[in-house]
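Feature annotations, courtesy of TrEMBL:
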type     : residues : note
DOMAIN   : 40-487   : domain 'Major facilitator superfamily (MFS) profile'
TRANSMEM : 36-64    : transmembrane segment
TRANSMEM : 76-95    : transmembrane segment
TRANSMEM : 107-129  : transmembrane segment
TRANSMEM : 135-151  : transmembrane segment
TRANSMEM : 163-181  : transmembrane segment
TRANSMEM : 193-216  : transmembrane segment
TRANSMEM : 333-354  : transmembrane segment
TRANSMEM : 361-385  : transmembrane segment
TRANSMEM : 391-418  : transmembrane segment
TRANSMEM : 439-459  : transmembrane segment
TRANSMEM : 465-484  : transmembrane segment
Amino acid sequence: MSGFEADNNGVSISVAADNKTGADFEVSKKPKRNKFAFACSILASLASILLGYDIGVMSGAIIYIKDDLKISDVQVEILVGILNLYCLIGAYAAGRTSDWIGRRYTIVVAAAIFFVGALLMGFATNYAFLMVGRFVAGIGVGFALLIAPVYTAEVSPASSRGFLNSFPEVFINIGLLLGYVSNYAFSKLRAELGWRVMLGAGAIPSVFLAIGVLTMPESPRWLIMQGRLGEAKTVLHKTSDTKEEAHGRLSDIKAAAGIPEDCTDDIVQVQKQTHGEGVWKELFLHPTPVVRHVLICAIGIHFFQQAIGLDSVVLYSPRIFEKAGITSSDRKLLATMAVGLSKTIFILVATFLLDKIGRRPLLLISSGGMVVILATLGFSLTIIGHSDNKITWAVGLCITMVLSSVAVFSIGMGPIAWVYSTEIFPLRLRAQGASIGVAVNRVTSGVISMSFISLYEAISIGGAFFLYAGVALVAFFFFFTFLPETQGKTLEEMEWLFGKLVGWREEAQKLKRKRKMNEANHQIQLGNNLTTDRRC
């Protein structure tokens, strides 16, 4: 019997296929984009604007802060990068808070804290006061960085999870661009007023965020962990592509939460482990092979996302352009706006590729491209630095590489770090596990951004980018070796893929064969049902 005619109780798939109506074939069609899940993801991801705006606005505001407050380069490095370390407090608190009061209200908390921080920075009268504002804003950014991708991952259907969970990175870039625009728009004000308005304006998006979030539902996974099955069913039906998928997601989450499959009550009693109890022990002291593999992948992808030095390009782009020969403040800010525009355009491109091409190919293309681009940027800056005359081709190459670096980063490493790290953790570990990823991300970013000026003064600016290129090369081999493809997998299927650091490919093949068998059985069942209906 051929592969197209597997007999099942006398009914072949080929016969069933021949007898199918147009309605039957609709089952296999690619589902349309879920508009409700799309809207929820947009609202949650607005939280990421807070980080993007801060990075973008600080890159230009620091020019005027340095002159107005008469601070040193070391103080500049600390002021720019310290927010990333303050994020650790916010990320840790958000992991606990999101398990306690829910994902949705945690986003409101993030907006409120950042609102206060932005106002404090805007009214700062000296360096110490400004650092207090950075501290408060950093906690708010830490909250936002953790909770936006966690909520989006939990509300998204598997068919478009990569697309929707790339939204936090999209809004980081939109915030970045808004920060650059704010720099240019307020640069005409008096120096002592301009930078304060730039920083204080960050309070505006946090207000819209807090209001918008109140219109979206709570995460269905959090609701089930609280025993609120009735509410979770409603949300799942709205955020799934089909009723079958909603039922499947409900069953998977109930199993993960320890709720019997046959339980259909709207409210049930669950074991109270909703505030993070025991999670840290399971992650670090007694991890299973699956959890250990997941943790290595999550930490590694966040570390390398920042260790390749892209934040140095973004935060210090005015200095890089100055080294390349652009000395006018207006021109430096305009060139920096071009960086933000390039980053935003290509992150939008990436959102449509994540669920079509997959995570691994984009990661490998992005990290491999960064090796070439960072090395070329280092080469061009070295040529410029060792020449007494302006070398036009080297200047052009430098500017092109700066724009290319943010573009290639945004296609892969930028969004995928957030998508990947939130979708691979088991439900019981997701919020706290994601907070570890955020912590590694922000610590690495803080070290990179607070050391860039000192680094390039020690080994030259070209040498700094050669160093970053070397780190990008290590990242490429890490991604190739340890990270399984997660495209199209449900959040509950992830445990099949992890557990063997270098043997995950065999498990992926087993999962692929299992899926094909399930699809074949589904087609056989459709044929049987159709035949039974016709006989009746």
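Heads up, the Cβ atoms here are built off N, Cα and C, so glycines get one too.
TrEMBL does not curate its annotations; it predicts them automatically.
Beyond the ends of the transmembrane segment (361-385), by six or more residues, the same chain brings 301, 304, 308-310, 320, 323-325, 350, 353-354, 391, 394-395, 397-398, 401-402, 404-405, 408-409, 411-414, 416, 460-466, 468-469, 472-473, 475-476, 479-480, 483 to within a C-beta distance below 8 angstroms of the stretch.
Among the listed stretches 107-129, 135-151, 333-354, 391-418, 439-459, the one sharing the most Cβ pairs under 8 Å with the transmembrane segment (193-216) is 107-129. Sequence-distant contacts of the transmembrane segment (36-64), counting only residues of its own chain at least 6 positions beyond either end whose CB sits under 8 Å from a CB of the stretch, comprise 76, 79-80, 83, 103, 107, 110-111, 114, 137, 140-141, 143-145, 147-148, 151-152, 155-157, 160, 164-165, 167-180, 182-184, 187, 191, 194-195, 198-199, 201-202, 205-206, 208-209, 212-213, 215-217, 238-239, 311, 314-318, 329, 332-333, 336, 340. Across the candidate stretches 76-95, 135-151, 391-418, the maximum count of CB pairs under 8 A to the transmembrane segment (439-459) is reached by 76-95.
Confidence annotation: the domain 'Major facilitator superfamily (MFS) profile' (40-487) carries a mean pLDDT of 86 in the model.
Below 8 angstroms of C-beta separation, residues 40, 44-48, 50-51, 54, 82-95, 97-98, 103-104, 106-107, 109-118, 120-121, 165, 167-168, 171, 202, 206, 219, 418-419, 421-422, 430-431, 434-435, 438, 441-442 of the same chain, each at least six residues beyond the ends of the transmembrane segment (135-151), sit close to that stretch.
With a cut-off of 8 Å between Cβ atoms, the residues of this chain six or more beyond the transmembrane segment (391-418) that come close are 149, 165-166, 168-170, 173, 301-302, 304-305, 308, 310, 313-314, 317, 320-321, 323-325, 335, 338-339, 342-347, 349-351, 353-354, 359, 362-367, 369-370, 373-374, 376-377, 380-381, 383-384, 437, 441, 475.
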